[in-house]
Amino acid sequence: MLFENGRKRGDTVSGYKVAILGASGAVGRMMVKVLEERNFPVRDLKLLATERSAGKKIDFHGEKLTIEVAHPDQFKGYDLALFSAGSSVSRSIALEAVKRGCVVIDNSNAWRMEPDVPLVVPEVNPEELENHRGIIANPNCSTIQMVVALKPIKDRFGLSRIIVSTYQAVSGTGLRAIEELKSQSLHMLNGETKEPEVYPYPIAFNLLPHIDTFSENGYSREEMKMINETRKILKDPKIKIAATAVRVPVFYGHSESIYIKTIEPAEVIEIRQVLSKAPGVVVYDNLEKLQYPMPNLVEDNDQVWVGRIRRDLDEDCGYHLWVVANNLRKGAATNAVQIGEELMKRGLL
Ligand SMILES: NC(=O)c1ccc[n+]([C@@H]2O[C@H](COP(=O)([O-])OP(=O)(O)OC[C@H]3O[C@@H](n4cnc5c(N)ncnc54)[C@H](OP(=O)(O)O)[C@@H]3O)[C@@H](O)[C@H]2O)c1
């Protein structure tokens, strides 16, 4: 641990000094809300962003806090920093914050695949936190909900193959994309056109099989993130995974159609039972009652919802699942705050 300011772990009076980098963004605002909802013991909350948002106010436990411009010395004396400002900022500031005594939980892609940075979903691999050296990475939103649903199945029946197609909400791209979907929809319903600014094509009334940039192998970086991060989190570098990531005109909530091959055969009812007992999972799977997960069910909650569980008609040990979760909450802010809670529980903060 790189603490240089003499602060010892657990050296807090009552509550922690917490900073949020990217506090004005879609994830940052949700972090403030989730810290409040979960009553995380915060003694002092500092909100950081750029000049664009400096001076704006955000409510926390009834107090109006002012956003300030981020610079490395802002982290001095703080215990915990939640980063959600993109990977280039994270690369340039995270180590500076660690040097000044902070534990950083980073939501960007900057540190996730570094071998000595734990990539953590508390329901799946909390033990990895024991090895942290100042920076902990929050996985990609689509990866988080997939591993929460698949880890219990892997533990019970083994997993050899995953094929996933995602249906990702625009809030996954941030506040500008939420505005783009709103205004494009209004314009199109009025028979007008509006040039896209955030995405290369209109997202209203459309689907884009394109998230992040494309790699040379034909997969998008979002798809490769799901593949590489899942292997790291499940500690299974050989598991076969293919992903297709699609942006859809939904504001909040990512959905995933997941095909898995288990190693041991399972009855569908056994998969349901395993998932019903799994932390963070809601099994919502009753076709007679038309119960299946949808994005509008996850707007205000942190669970990973699983339904449409069924056997493949041709492949032995093949099963299909439909998995939905709120990308801003469990896919980002809640997972980060849960990591903070787990650090506290383990005496690592
Ligand atoms: N949205 C999701 O569902 C989701 C899920 C998982 C991970 N993430 C990751 O979380 C990060 C933020 O995403 P978002 O959706 O919240 O984006 P967003 O709505 O566009 O917000 C970006 C935030 O970063 C701040 N920022 C940008 N450049 C900065 C700089 N140089 N210094 C300090 N602050 C800076 C912005 O401040 P200003 O307001 O001052 O510009 C704003 O607060 C990204 O890395 C994203 O990949 C997002």
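Placement of Cβ uses the backbone N, Cα and C atoms for every residue, glycine included.
NADP(+) is bound by Ser24, Gly25, Ala26, Val27, Arg52, Ser53, Ser171, Gly172 in TrEMBL, and the record lists one more residue there from Asn326, Asn327, which is Asn327.
Candidate recorded positions: Ala26, Cys141. Fewest other C-beta atoms within 10 angstroms, Ala26. Checked against ligand 1, the recorded positions Arg52, Gln168, His254 give Arg52 as the ones with a Cβ under 6 Å from it, listed in sequence order. Within 10 Å of the C-beta atom of Gln168 (substrate binding site) sit 24 other C-beta atoms, taking all shown protein chains into account. For Cys141 (active site, acyl-thioester intermediate), the recorded positions whose C-alpha atoms fall inside a 10 Å radius of its own C-alpha are His254, out of Arg112, Ser171, Arg247, His254. Comparing Cα positions, Arg112 (phosphate binding site) lies closest to Asn327 out of the binding-site residues Gln168, Ser171, Arg247, Asn327.
Predicted-model confidence for the domain 'Semialdehyde dehydrogenase NAD-binding' (17-132) is 97, expressed as mean pLDDT.
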